[in-house]
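According to TrEMBL, the transmembrane segment annotation covers 60-77, 89-110, 157-178, 198-216, 228-250, 270-290, 311-336, 390-409, 415-437.
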């Protein structure tokens, strides 16, 4: 009953985010320059860390938040449902909690392989195509554009339905094989509960994919196949790199036994839930950047970049403080097992063999929030200017480095090494993002070219 209620809530909130996207057309004049080429919102100056020291939310920042907050509510339904599931299962025992952690990791690996690229592609295409449709209205082509919208919607929904069914079959039929890969053999106490949970969870795959497709439909997109085959291939590669890194971390935690895996699952669930606000912020920044970039409003595009990075950094530090203060109460929602809680938030994660002290998992979760926020915001900026190739290649490189580190760190430092590797993974993503912006290469060259000419 709770899941059904949350699903209905998600559907309702997705209408809210769609309404916010439609408002782009009527509120874009706020972001447009006047006839002298100067922004109505003011110039924040060249891209540098110096621009991030004045944490003042201006008119553009408020507009970004007006889009991000409905998006956060829409995105929250699924993670909240998983959060509730984990909380209920955690009170059944540490073995069941660990089994759910492994099952959720497998479900995310299979489902998000195509879901994430599908959602990100449609978001950028919708924002850009809205501008083109708006311009074509003056040429008497509105009816023709409307037909293309209907074709795009039907194509994306049909693709989503097919992907959802394929994911459900793969999860239910291949559950045993996938659990073996994760290091859960047949004789493991986690095997039975994990298979049962994964089988029931697979039933929800089709509606989840269709809901994502409806959220970011290819409205007004003339060719719905090319981006799915070309750009989609790049984003699938990027998604694989991300999921492999996270799945490897879960697999290594699972091999340490039910208690460490249960503690790891609590921290992962909190980590994912905390990313909702910055993930929604990335979506709003993506939509606004795509709109201005497609209109060649490069000064406004720079302002969007600066504002979304500022808000992301503020959000990250705020989440870090909240988690450091409130994790004790949050962890109690999942389990009352003292051994599991010790793994989740104690200061000593090292075994007697290592004789080394490490911060608890929660300190990695909380301390990494500012870095996580900037990394997710940078993802949205990539997609906003269709910088898919660099996004994919950089993520593969970052994933390979992080996976190698996690394997070595796990053998030396146990669960603390796994979380150190996850922190490294997010940090390298930030480094790669700022390097791309700093070099002003690819599509970013057009955005920053006017600024360079002004200096000259």
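Glycine is treated like the rest: Cβ placed from N, Cα and C.
The transmembrane segment (311-336) is not in contact with the transmembrane segment (415-437), judged by fewer than 3 CB-CB distances under 8 Å for residue pairs 6 or more apart in sequence. If you look at the transmembrane segment (198-216) against the transmembrane segment (89-110), you find at least three C-beta pairs under 8 angstroms, all six or more positions apart, and that counts as contact.
For the transmembrane segment (157-178), the most Cβ-contacting stretch among 89-110, 270-290, 390-409, 415-437 is 89-110 (pairs under 8 Å). Residues 234-235, 237-238, 241-242, 244-245, 248-249, 252, 379, 382-383, 416-418, 420-422, 424-425, 428-429, 432-433, 436, 442 of the same chain sit 6 or more residues outside the transmembrane segment (390-409) yet have a Cβ under 8 Å from a Cβ within it. Within the chain, the transmembrane segment (89-110) has long-range Cβ neighbours (under 8 A, six or more residues past its boundaries) at 82, 167, 170-171, 175, 178-179, 182, 184, 189-194, 197-198, 201-202, 205, 243, 246-247, 250-251, 253-254, 257-259, 261-262, 264-266, 268, 333-337, 339-340.
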